[in-house]
Amino acid sequence: MTFSRNRALVLAITQGNMDITQASQQFHLSTRHIRRLLTRYHEHGIESLKEKSRAPHTNPNTTPTTTINEILKIRKQLATQGMDCGAHTIHAHLNMENKPSPTTIWRILKKAGLITPEPQKRPKNSYTRFQAELPNGTWQSDFTHWPLADKTDTEIISWLDDHSRYLLHISAHPRVTGTTVTTTFTQTALRYGLPASTLTDNGMVYTTRLAAGNKNKSYQPNAFEQLLADYSIIQKNGRPGHPTTQGKIERFHQTLKKWLRAQPQATTVDELNTLVKEFQDLYNTHRPHRSLANKTPHEAYHARPKDGPTMSYQDQDWRVRIDKIDTSGTITLRYAGKLRHLGIGRAYQGQAVIALTHGPNALIINRASGEIIAEFTIDPTRDYQKKNTKKTDT
């Protein structure tokens, strides 16, 4: 039908008196399409007016058998390891020239009965996608549950770099507590440097801002919140009921659990920690990521300079505390999530003092006389703090 129409149209113009505008009206085609038909006719003759096939240039039927076998082999290996084994992942693992496209690989998998139909998903372009511009720009954290062989519940906490998906830390615990959060964060920061910001949900181990009695009021931060404030790290929390804000770490948990299900089940927390450390190496160094242009998280994390907090103590409030110097000549205060012992001197034991802190800086003032008896710049790597300048004891 299409060929006969095209043939009649061309003959009406080339051998009759019809012009292109008239042909457009007569045959209900655009003038642009008619010009393309005339060009094909003049260059290749009347047979070129036949409709061209719209079948794909490549498909499973034309892919070499050796390539198909390699695709299915890689698929089986990845699935056995509990790793992602979709078309894009297989494409990244194919080590050959002129390898088929992910679309062709998907068709091969479908023909082999290896594609599981999924319910219609929300289009990806309907989400507002966020990615930190540099490594250490934002660290995401969350924890998830995982059972041991005897069904004992454990919790696995992770710290994930938002820019590169680099798994900075992962560890299993009987329970994740506020201390777990501050300890794992500090360990990770000592190894990789401080992030400019963090992104977590509103769990009590991360923030107390939504706790009962804290809503719409000035609230007492927990140890993690205070640690971030002390280091001028911006704390971001997802909106309640909107888990997609922490989408990267939510998807990471799916990948982690898929891998764990393919491994022998751990019987102790120590065994589970051995497993998750093995997974950390696989995830960081052996798993190209589609959103990273098929780089591994390790490659992406180390490819660019690192971001970090802007240390601006001028914008922080002074904190005031009334205390009494103990018999060892010290007072204690919390900094960067831990208690610090400030060594003022035994000569001052029993004296009432005012402690003024501003970032890492602390002034200790005799409450009765108003004299500054000690100054400190707190070293976050130490418990016991020495005075900046030695005062003469009187």
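Placed from the backbone N, Cα and C atoms, the Cβ positions cover glycine too.
What TrEMBL lists as region 'Disordered' is 47-66 (among others).
Residues or ranges marked as domain 'Integrase catalytic' in TrEMBL: 131-305. In the predicted model, residues of the domain 'Integrase catalytic' (131-305) average a pLDDT of 87.
The region 'Disordered' feature in TrEMBL is assigned to 289-312 (among others). Break the region 'Disordered' (289-312) down by DSSP state and the numbers are 8 helix, 2 strand, 14 coil.
Summarising the annotation, TrEMBL assigns compositional bias 'Basic and acidic residues' to 296-307.
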Checklist entry - Same chain, outside the compositional bias 'Basic and acidic residues' (296-307) by at least 6, Cβ under 8 Å from its Cβ: which residues? => result 132-137, 161, 163-167, 192-193, 195-196, 283-289
